[in-house]
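Okay, structure first, notes after.
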């Protein structure tokens, strides 16, 4: 190629300089005070941008690209601006820069500001913003930096709250940047519930509210007269992560549904690893005082009594109750006692081996209808030693996850 097009590699090199990583280019802010606009400490970046910019998360055609998405902390009014030091098609005729603006416009609702002055004048009206819906829970967390306790509130909202529909459109844009497989929901379906977390803060002697995070829950119908709420999306915004808000939110949502006689139990759609850890902590915290989980009963093994009591009192399903039992039994077990430790190990492995046993039953069925040589191929895939290794590995991983839950519980 170089023979015929000697300029190509130089051109390619030049073009490569016009590629920007969109996770770095996108700069997000939650703004409370005008000075936040100039403060780099208030900026955070997406974890993902592939849903908007493709799998390689690259925007082509710009040098020094900045995609500014600034939100007023409470009602999330938006400033959207694009800045760059140079753009490719100003210099070359043959290539075109990506249309970054229209890609962002596809996910953010219309009505955003494009200049700082308009945004700052909206910021002055933020004092009128109030959370939507019904207050469910208030809690406070000690903030070391501020040297004081900060108050947070959790509300349940729905689309009948004035202004909530528009607010939710702005809020859900964050999903694209922080949940790998995010999608926007159909807000006209009335079976959605929305739970929102806000921080109360002071500005010039007035109390204002900042958005911290939220959760959407879909109420599935269960014949004949029950519902099964399913957690769909949950996001604590990055500036607030690691402070315990997720646990407060999930526990509040559980308590909200616990009081409803028509709710069967609560599930989650395609939960992430982090969500499972969070749920383990919250459910163990809720269950640890139930009589069916007393140390004596834990040592007798998993029982129907546990399933029934956890479902009736706390709306927890059987599968999650089993995990709660395993975590609480670990706490009640002296793992340096050979007999207790062996008994615990067998109990967990019996559950873990379920899927392997199922595979073996399927093989037995195949054995009846396959020719011998085909069968040998199938059998070779399941090596018993490998199975033992995988089982031991799964067990060790579970125990270390469970220990982390118990550590967090001890600190709570």
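Keep in mind that glycine also has a Cβ here, set from the backbone N, Cα and C atoms.
According to TrEMBL, the protein carries these features:
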| type | residues | note |
| --- | --- | --- |
| DOMAIN | 18-180 | domain 'Histone acetyl transferase HAT1 N-terminal' |
| SITE | 192 | site 'Interaction with histone H4 N-terminus' |
| ACT_SITE | 269 | active site, proton donor/acceptor |
| DOMAIN | 279-330 | domain 'Histone acetyltransferase type B catalytic subunit C-terminal' |
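Confidence annotation: the domain 'Histone acetyltransferase type B catalytic subunit C-terminal' (279-330) carries a mean pLDDT of 96 in the model. In the structure as shown, the Cβ atom of residue 192 (site 'Interaction with histone H4 N-terminus') sits within 10 Å of 17 other Cβ atoms.
Counting every protein chain shown, the Cβ of the residue listed as 'active site, proton donor/acceptor' has 11 other Cβ atoms within 10 Å. Broken down by DSSP into helix, strand and coil, the domain 'Histone acetyltransferase type B catalytic subunit C-terminal' (279-330) contains 41 helix, 1 strand, 10 coil.
Rounded to a whole number, the C-alpha distance linking residue 269 (active site, proton donor/acceptor) with residue 192 (site 'Interaction with histone H4 N-terminus') is 14 angstrom.
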